[in-house]
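Here's the structure we're looking at; comments come further down.
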Amino acid sequence: MQPMETLSTVATLRARVRAWKQAGERVAVVPTMGALHAGHLSLVHAARQQADRVIVTVFVNPIQFDNADDLATYPRTLEADSRLLSDAGVDVLYAPTAAQMYPPGFATRITVSGVSEGLCGGMRPGHFDGVATVVCKLLMQTLADRAFFGEKDFQQVQVIRRMVTDLDLPVEIISCPTLREADGLALSSRNRRLDASMRQAAVALPRALEACARAIAGGAEVVPALAKVAQDLTAAGFERVEYVELRAEADLQPLTALPPGTSARLLAAAWLDGVRLIDGMPVPPAA
Ligand code: PAF
């Protein structure tokens, strides 16, 4: 196995990808903002199984942050990330600078309507424009055949799928299930901001969602079941519940009942001790 290369310019990246493609190799990309954890590595693992070459991008994308403090304090751990990726058998770590991605005069934004509205999109104005714009750039820069994303950010995956379909981008989007700690908490770079007691309280989020998903799949009424999640989170010490909703998986339409044959997902965002946590659970179609 060759050692991992770290590249930061589109020209060097394209030259490498061109050589791979001329040799008939399939290329995968895993876009990330760094601060890597086992959830990201599970995407890398899936990418390695489904492609000959794997690129991981590490870029803290300024235009998807709606809050300057959040951008300033976002963990940047490139050295540690690089070691993890090299050990995971990644071929190229692509880490461009903000000035390279958005040089003076940069004036384009991609807006995906519909699936980007409400949920995180409703709470974070401009967030999904920033995500769609940077992901489009990364897909075009890497020219990957397949791109891998985690389902913890379920709305993000649907926004990216819609963009890829609408813009005829020649890439297959693969989403991978959320990786969880032993107690059920979804892996997230934000978990490291929780102290020990808040980390324990955080488990209320997956537990409440799981109970709600089971109740709805078993025929419980949707609206009271969603309200119960919010109550459980408040009782566990969450200071603010942004949303708890049931949405159709395919187009993220809000649901107040589970129509037969519809795959749905419970989606929630809530604040615990100043940390915004999001999670989601599939709800199997009613028989
Ligand atoms: O999910 C993330 O880490 C980011 O939103 C992404 C997809 C890398 C775009 O910056």
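The backbone N, Cα and C atoms fix where each Cβ goes, glycine too.
In TrEMBL, annotation is done automatically, which means it is predicted and not curated.
Per TrEMBL, ATP binding site is recorded for 33-40, 150-153, L179, 187-190. According to TrEMBL, the feature active site, proton donor maps to H40. Positions annotated as beta-alanine binding site by TrEMBL: Q64. Look at TrEMBL and you will find Q64, Q156 tagged as (R)-pantoate binding site.
Locations of recorded TrEMBL features on the structure.
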{"residue": "M33", "record": "ATP binding site", "Cβ contacts under 8 Å, 6 or more apart": "V58, F59, V60, N61, Y74, S189"}
{"residue": "L36", "record": "ATP binding site", "Cβ contacts under 8 Å, 6 or more apart": "V58, T77, A80, D81, L84, L85"}
{"residue": "G39", "record": "ATP binding site", "Cβ contacts under 8 Å, 6 or more apart": "G150, K152, T178, L179, A186, L187, S188"}
{"residue": "H40", "record": "active site, proton donor", "Cβ contacts under 8 Å, 6 or more apart": "V30, T32, V56, G150"}
{"residue": "Q64", "record": "beta-alanine binding site", "Cβ contacts under 8 Å, 6 or more apart": "G126, H127, F128, D129, G130, V131, V134"}
{"residue": "E151", "record": "ATP binding site", "Cβ contacts under 8 Å, 6 or more apart": "V157, S175, C176, P177, T178, G280"}
{"residue": "Q156", "record": "(R)-pantoate binding site", "Cβ contacts under 8 Å, 6 or more apart": "C120, F128, V131, F149"}
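With respect to ligand 1, the recorded positions M33, L36, H40, E151, S189 contribute M33 as residues with a C-beta closer than 6 angstroms to one of its atoms, given in sequence order. Following the DSSP three-state reduction, the secondary structure of Q156 ((R)-pantoate binding site) is helix. Within 10 Å of the C-beta of S189 (ATP binding site) there are 17 other C-beta atoms, taking all protein chains into account. The DSSP secondary structure for L36 (ATP binding site) is coil.
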